[in-house]
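Engineer: Shown below is the structure under consideration.
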Amino acid sequence: MANLRKTHPLAKIFNNSFIDLPTPSNISSWWNFGSLLGLCLIIQIMTGLFLAMHYTPDTSTAFSSVAHICRDVNYGWLIRYMHANGASMFFICLFLHVGRGLYYGSYMLLETWNIGILLLFTTMATAFMGYVLPWGQMSFWGATVITNLLSAIPYIGTNIVEWIWGGFSVDKATLNRFFTFHFILPFIITALAMIHLLFLHETGSNNPSGLSSESDKIPFHPYFTIKDILGGMLLIMLLMLLVLFFPDILGDPDNYIPANPLITPPHIKPEWYFLFAYAILRSIPNKLGGVIALIMSILILAIIPTIHNSKQRSLTFRPIGQIAFWSLIADLATLTWIGGQPIEHPFMMIGQLASTIYFLILLVLMPATSLLENKLLKW
């Protein structure tokens, strides 16, 4: 009798995705982040579900309900901080996952890459709406500032903003709909992640050399299942270290002040994982220009496969390309730092410079280094 794992309609899908999947034998720990993102998503959905049981999406009780979760619900503080810091872990894994894709040329798997970009946008939207829910000062003013950006759209902008708000300012209706969307989006992310995997398994994984690995594949289980379990344990250790010892280190103290539409916080800034994009937004004096730059800072990832002109797929054997890549990482770190600083000299100027360099590296320097390396190798 044939193995049930290989014949049963449902088990067969699972088998071909996680057990008998032919995998390149040389994929490094940089390939662990896909499974870590899956783990993060599961943690976020589980903790979020339990938080939603006790949370009330109403302006008069939202802040109190979060305090109630932390004080009165059994292990509520643990669930709340796991959810808040889980989001940070999610974005750390996301950025490393995208960085890996850029370094090793995984963007050549077009469908997988484009769905990945869609996943990134959806996750950013989910995180933004989740940040509004505790209804602290930074929640309220963050929601006001970011939703207001849509008013930059010519002619219909103001109507769109008021439509999203459900009134003439961020209020009860806004909080309620943000809770609704924040609840539904993770399930949409799960569906997109499945499609992401579906397309990846059509072509098979890339590998650190950037060369074809058709001649050297090994089964996913047990080799990579055990490797992913190790990665997952390390992730949970790091998350619990944050949750149990430094739960508020990545948050903003202003969010422990209940939302007050009459008092503006001295510095309105998003969570750390949005600071690079926020710095790019602020570095352009024009509102519409800033919004376009903000969207393009992520959407530029979709252009990268079209401007890839190297004869090699990966940066493994391209030292000049590596310099460009690590310059980009340094530039993103600079943007993240600038995003958290007040808008004054010299931060404003550094931000504008770093924003310009960001787009220049991706659109000019990286293709230029590729051409130079092709020439040096007489290709």
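Keep in mind that glycine also has a Cβ here, set from the backbone N, Cα and C atoms.
Below, the features straight out of Swiss-Prot:
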TRANSMEM  33-53  transmembrane segment
TRANSMEM  77-98  transmembrane segment
BINDING   His83, His182  heme b b562 binding site
BINDING   His97, His196  heme b b566 binding site
TRANSMEM  113-133  transmembrane segment
TRANSMEM  178-198  transmembrane segment
BINDING   His201  ubiquinone binding site
TRANSMEM  226-246  transmembrane segment
TRANSMEM  288-308  transmembrane segment
TRANSMEM  320-340  transmembrane segment
TRANSMEM  347-367  transmembrane segment
Engineer: Would you call the transmembrane segment (33-53) and the transmembrane segment (288-308) in contact, using three or more Cβ pairs under 8 Å, pairs 6 or more apart in sequence?
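Structural biologist: In this chain the transmembrane segment (33-53) does not contact the transmembrane segment (288-308) - fewer than 3 Cβ pairs sit under 8 Å.
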Engineer: Using a Cβ distance cut-off of under 8 Å, indicate which of 77-98, 178-198, 320-340 has the most pairs with the transmembrane segment (113-133).
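Structural biologist: Ranking 77-98, 178-198, 320-340 by Cβ pairs under 8 Å to the transmembrane segment (113-133) puts 178-198 first.
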Engineer: Counting only residues 6 or more past its boundaries, what in the same chain has a CB within less than 8 Å of a CB in the transmembrane segment (77-98)?
Structural biologist: 30, 33-34, 36-37, 40-41, 43-44, 47-48, 50-51, 66, 69-71, 116, 120, 123, 127, 130, 235, 238-239, 242-243, 247, 250-251, 271-273, 301
Engineer: Check each residue in the chain of His182 (heme b b562 binding site) that is at least six apart in sequence and keep those whose C-beta is under 8 Å from its C-beta; list them in sequence order.
Structural biologist: Gly48, Thr126, Met129, Gly130, Leu133
Engineer: Return the residues near His97 (heme b b566 binding site), defined as same-chain residues 6+ apart in sequence whose C-beta is under 8 angstroms from its C-beta, sorted by sequence, else 'none'.
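Structural biologist: Set apart from His97 (heme b b566 binding site) by at least 6 residues yet with Cβ under 8 Å, we have Phe33, Gly34, Leu37, Gly116.
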Engineer: Provide, as an integer number of angstrom, the distance between the C-alpha atoms of His201 (ubiquinone binding site) and His83 (heme b b562 binding site).
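Structural biologist: With distance taken Cα to Cα, His83 (heme b b562 binding site) is 30 Å from His201 (ubiquinone binding site).
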Engineer: Going by DSSP, is the residue listed as 'ubiquinone binding site' sitting in a helix, a strand, or coil?
Structural biologist: helix
Engineer: Against which stretches of its own chain does the transmembrane segment (347-367) lie, if we need a Cβ under 8 Å and a gap of at least six residues from its ends?
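Structural biologist: 279-280, 282-284, 293, 296-297, 300, 303-304, 307-309, 321, 324-325, 327-328, 331-332, 334-335, 338-339, 341.
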Engineer: Among the binding-site residues listed here (His83, His196, His201), identify the one with the smallest other-Cβ count within 10 Å.
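Structural biologist: If we count Cβ atoms within 10 Å for the binding-site residues His83, His196, His201, the smallest count is at His201.
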Engineer: Just to verify a number: CA distance, His83 (heme b b562 binding site) to His196 (heme b b566 binding site), in angstrom, no decimals.
Structural biologist: 24
